[in-house]
Structure formats: structure tokens, C-alpha cells
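TrEMBL lists 20-45, 57-74, 86-103, 115-139, 177-200, 220-242, 306-323, 343-366, 387-407, 419-440 with the feature transmembrane segment. Annotated domain 'Cation/H+ exchanger transmembrane' per TrEMBL: 51-445, in sequence order.
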């Protein structure tokens, strides 16, 4: 009779444990504990005017970094080293996808022109002013080793806004216009800033010619449109596959898995093709919410709606913890070898450039839009312009990630100035998020909600399809004709004339006609009933923002 020898099994376990780093396990344990603490504290502070979960996570991460610094006796504050791969490949995609998946599309596309103007032209204006200000002011402060590429990179880095904190206190119901504009501009702004950043890195400044601006413009337009098209194609492909194959007949898990994987695949394909993954996965989320989400079973709809929001929430909280803890990277502070006065001067200069760069396009573009619009009810009030300016002042993880990319391995500028730029950027992010983020909610209440006009519902703000159809008839139906007399032929307005007089309504009407006639029969969407017993009838609401 053979005896059982546990030693081989024990040695196998010991060997397998060698693949797991103790430091990594400790770091993840700390982060998950902090995540739990953030969720609990965020729940307790739900009604607080001055705090939200973003600020809570940032401060908790900062305190955890301070504790680690004390335990290590000032030698190191690192639990996890800031990694661009972790941020751009794992944490950012679920946040951007959920933003597109949960957005109210009617409000978003109603203000699409403003969003593009602010997100593209506004970001370019901010980029130019911040870069020019850095060139003129930094040498007077004492930062002399930066080159032209570094100055332009600073402009792109500080043009990237962080609207997550602001969106936590803005409501789609109370302030639908501001929410859609700030939210949409934030997504387009991040994509534009990243495209500008990588365009600056790819330029050979030793051979600058007069066509460099055209090259930048052409690169940006190419990346913007190709990234958007890739996201739309990925979303439509997922809708067509799920509608055609009826995954829900056998497994709703496959439906959910396919939606998640194809969304993430679109982001990875964009990065593989050197496109903007942010734009790709954002528009993929919009298309999936319009078509794919209506093609799955009822249980899959509930699951995806809450699963995407939950993953996004965890990623957002993890990022703020990450940034707060990384702010005490003692190695970067020591490497800069700068005094407190230099830190204060550089950080103040950067933040002042952010303020001026933001104001330089918000107010002029908003007033330009007001000059174009004829109706007073559609013009952007000064109070709204102020909140739009304020909402874009906060900087976040995208800013820090780009700063590390530019300055952590910089070969052209000195190590001291590179470390100084990283630490100064971190100071700007911490100050803007904590100070401005805490004031945002009471400021919105004081500036907007106390002076708010009665909300106009979508039913009166945007006409029904029947009202839009009547717009295509010049004089409508004559009311003074006899009942037995046939109505005369009434001339129709041209589509171009209607597009000039009622652009938003006309585009909405024409899109709905095209969508109902050509798109939905192929890709499904609202009204499509999956061939599964107990599946929904299509009357369920589309996903809406949960935070």
C-alpha cells in the first residue's frame, strides 16, 4: 500500500509562489483597502457640499504615501511606480467607454458644434498660449535647459483637462446643457491634447519649415476622423453580430463578454494603428448604446448597464488614489534639487498659464456662438460661460502621464529641470483638483441653480418628428378650404434652406429617417426584439449616466 508524500506538493507550491512578488501583493492589498475606504467615505459624504469621491481618493492616496514615507524613514514613498501602460491601457479605456455608453445622446449631439469648437479649437488656442507663455517666462524663473520641443510639450500637457471631478457634481437633469458641453469637451479635449503631444514629439525641430503647421493640422484631422470611424465600425460590428447570431438563446454571458471585449479591442486596435484610442472607444460606446444594447436580452441589458458603470467607477477612484500617492515620490523631489521658491514660482506660472489659456478661448468662442444664434433662449449666458471656464481648470491623471512621458526619460534637457517639471505638474494637479474641485459644487449652486430658469423639457425644446415633418412644408395645411375640396399642391422647403434655418432640428429629423429606414433593419436597436423567451419588448430606456 503506497503512502502519501506531501513534500513534492509542498515544494511545488513554494516554487509557484516565487512568481508572485511580495511587494506587489502588499501594494495591491493597500490599494484595495483604500478603494473600500473611498467607497465608504464617499457614501457618507454624498450630501456634502465641499467634498466628493475624487477629492477623497486623492487625499487618501496622499495620506497613504505619507505613511509609507514615514515607515521607510524618508527613503521611499513608492508602493506602485507610476506606469503609463497601467493608466492608458487598463484604467482609462473603461472610463471613456462608459462615458460614451451612458451619455444622453440627444443632448450631446444637440450641442455637438459647441463641443467640437471647445474641444478642438479651444484646446489648440490653449496649447499655443501656454507654450508661448512657457517660452517667455521660464527662462526668467531660472529654467534654462528646456528646448523648443519641451516648451510645446508643456503646452499640450497642460491643455488636457480633467472633468471627472466636475462631472460628479454636475447633473444631467438640473444642468443638461452644461453637463453635455463640459463632458463632451473633456473627452474631445483629452484626445486633442494627446494627439498634439505625440505630434510635437514626432516633429524634427532641426528641420523646421513653413509647412509645419499644415503638417500638424493634417495629422490631427487624420487621427480624429480615422479614430472616430474605427469606433463607429467596431460598435456597428458588435451590433450586427449579436443581432444576427442571437447569443442570448444559449448564454447571456456571451453577450456581455462580447460587448466588453469588442469595446476594449477597438481601443487596442486604435493604439496599434497609432490612432486616438480615446475617441475610438468613446464613439464605440455611443454606437453600442444606440444599437448593440437593444439587441441583447433583458438580463444582459441590466448587467452591462451596471457592470460598465461599476468598472468605470473603480478605475476613476484607483486613478485618483494613484495620483495622490505618487505625489510624494521622494526620488523626483530630490532629483529636482530646487528650493521652495523655485517650486512655487514654476507651479504658479504653470497654473497662471492654465487660467489664461482657458479664458482665452471659452469667452471668445461662447460670444461668437451667441452672435450666430438668433434666439435669446439658446444663447450661452455669462454665468454658464463662467462655469464652463471653471470646469476646465482642473488637471488630472492624463496631465501627469504625459508629463512623465516627456520628462522622465528626457535626454535633451537636464535631469534637474526635468524632475522640476514633473513635480511642478503634480503640484498643479493636486492644487487644482482639491481646491477647485471642492469649491465647484457650492459655486454651481450659487451661480447657476439659484438663478436658474425653469427647465424646458425635451418635448418643448426639441420638436417631435411630426413637427419636424411639418417644417418641410412651406405654409402647412390650409384651414380655410372646403372639406370636399382637395388641398392644393404645397411647395416644400429645400433641405438646404431648412438646414440653414433649423440646423439641429433638421439634422435630427434627417438622421432619424435614415436610421429607421436603413440602419435599424441591419443593426437592430430600439424596437428590436431578440428571439429569446422573456426578452424585453424594446420599451426599456436607454442607459443614462449614473454619476
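Note: Cβ is positioned from N, Cα and C throughout, glycine not excepted.
Because TrEMBL annotations are produced automatically, they should be read as predictions rather than curated entries.
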Distal contacts, the transmembrane segment (20-45) - CB-CB under 8 A, six or more residues away: 51-53, 56-57, 60-61, 64, 79-80, 314, 317-318, 321
Touch test for the transmembrane segment (419-440) and the transmembrane segment (220-242), at least 3 Cβ pairs under 8 Å: no
Any contact, the transmembrane segment (343-366) to the transmembrane segment (306-323), with at least 3 Cβ pairs under 8 A: no
Range from 86-103, 115-139, 177-200, 306-323 with most C-beta pairs under 8 A to the transmembrane segment (387-407): 177-200
Highest-contact recorded stretch vs the transmembrane segment (57-74), from 86-103, 115-139, 177-200, 306-323, CB pairs under 8 Å: 306-323
Region pair the transmembrane segment (177-200) / the transmembrane segment (115-139), three or more CB pairs under 8 Å: yes
